[in-house]
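The structure appears below as structure tokens.
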Amino acid sequence: MTKDFKISVSAALISALFSSPYAFANNDEVHFTAVQISPNSDPDSHVMIFQPEVRAPGGTNALAKGTHSIAVGASAEAAERAAVAVGAGSIATGVNSVAIGPLSKALGDSAVTYGAGSTAQKDGVAIGARASTSDTGVAVGFNSKVDAKNSVSIGHSSHVAVDHDYSIAIGDRSKTDRKNSVSIGHESLNRQLTHLAAGTKDTDAVNVAQLKKEIEKTQENANKKSAEVLGIANNYTDSKSAETLENARKEAFDLSNDALDMAKKHSNSVARTTLETAEEHTNKKSAETLASANVYADSKSSHTLKTANSYTDVTVSNSTKKAIRESNQYTDHKFHQLDNRLDKLDTRVDKGLASSAALNSLFQPYGVGKVNFTAGVGGYRSSQALAIGSGYRVNESVALKAGVAYAGSSDVMYNASFNIEW
């Protein structure tokens, strides 16, 4: 040989090579059936390991076309510089690519495959029978697949799907469902992460112990705030209930006094008018009677006087009785109306207090981001009310609540509140 040329072959490969009639030669015309190792880039030096041509049907030659490339196995092909193809039908088409295993394919620069039927694209690594990966991906395990860039799939039949770039699937049949994710199962196969240390940074995972501690702390704070809010609400309700009751009583007393004054004034006015009318009528009749008596004084003085006196007595008595009767009827009617108004007012007060009690029984949501629906009943004396409401806790400090109460007929009471804590 005109130039130094070094070949390093593993013990297994040397044993395989020399178990058959292989030889070294400087002959450009030699054909190769199972093994071919290319010379270096100097065209004057062609050092090869070969076996005399024995063609199978369709051809079984190994082909190392790239500089410093190696092809071992029937129909193995190393097409680019420093490529290695080992195994029947293996193909290494990229620079520095390695395909080991029957029908394995390293189809890009620096791609590496190991396993029967495995496939790797540029800068990818596929280890395991039928494992496959796209550019810059890593697939380890039988039938593991990486169809997205810069992703990793480890485990039997694990899979990183198309467009799920920068994702990782770990475990038997694990599958990803989005970008930038780590999957240890799939929709119907869930796994647990065990022996997980407590997280210390914002981007660390939280274990169950940490979660329980935070839940207990949150519940404690919620109970404390709930007690404070309940106390404030009860105080407010008590003050408003007392104020409402006092206002109702005052209004009832005012209405009663007004009605009584009106009745008295009207009764006095009617009585006075009736009396004046009676007196006027009596005086008129008396004058008429007296005139008639004077005309007939000579012939019927005694009879006329008797008749006049009788008529006057009857007329005055009837007019007076009628005036008193009308006055009594009017007064009774007004007092009856007053009683009805007082009864209605009393009923409205009872319904208002029952509605207030029902609204106060509604709950406020305690969970952050939770919406609640609540219902309650209330009663006061013989009146009852039903209340419904809803609330929403925006965060730990802010909450909203609204409710409406119905006490029958058209008696409806409602409220709404906004709560902020610090």
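For all residues, glycine too, the Cβ spot is worked out from N, Cα and C.
Range with Swiss-Prot annotation transmembrane segment, chosen from 83-94, 95-106, 227-238, 383-394, is 383-394.
Of the candidate ranges 205-211, 401-407, Swiss-Prot annotates residues 401-407 with the feature transmembrane segment. Per Swiss-Prot, the stretch carrying the note transmembrane segment among 351-362, 411-422 is 411-422.
Remote same-chain partners of the transmembrane segment (383-394), defined as residues 6 or more beyond its termini with a Cβ less than 8 Å from a stretch Cβ, comprise 347, 350-351, 353-355, 357-359, 361-377, 400-408, 413. In the region 'Outer membrane translocation of the passenger domain' (331-369), the DSSP tally of helix, strand and coil residues is 30 helix, 0 strand, 9 coil.
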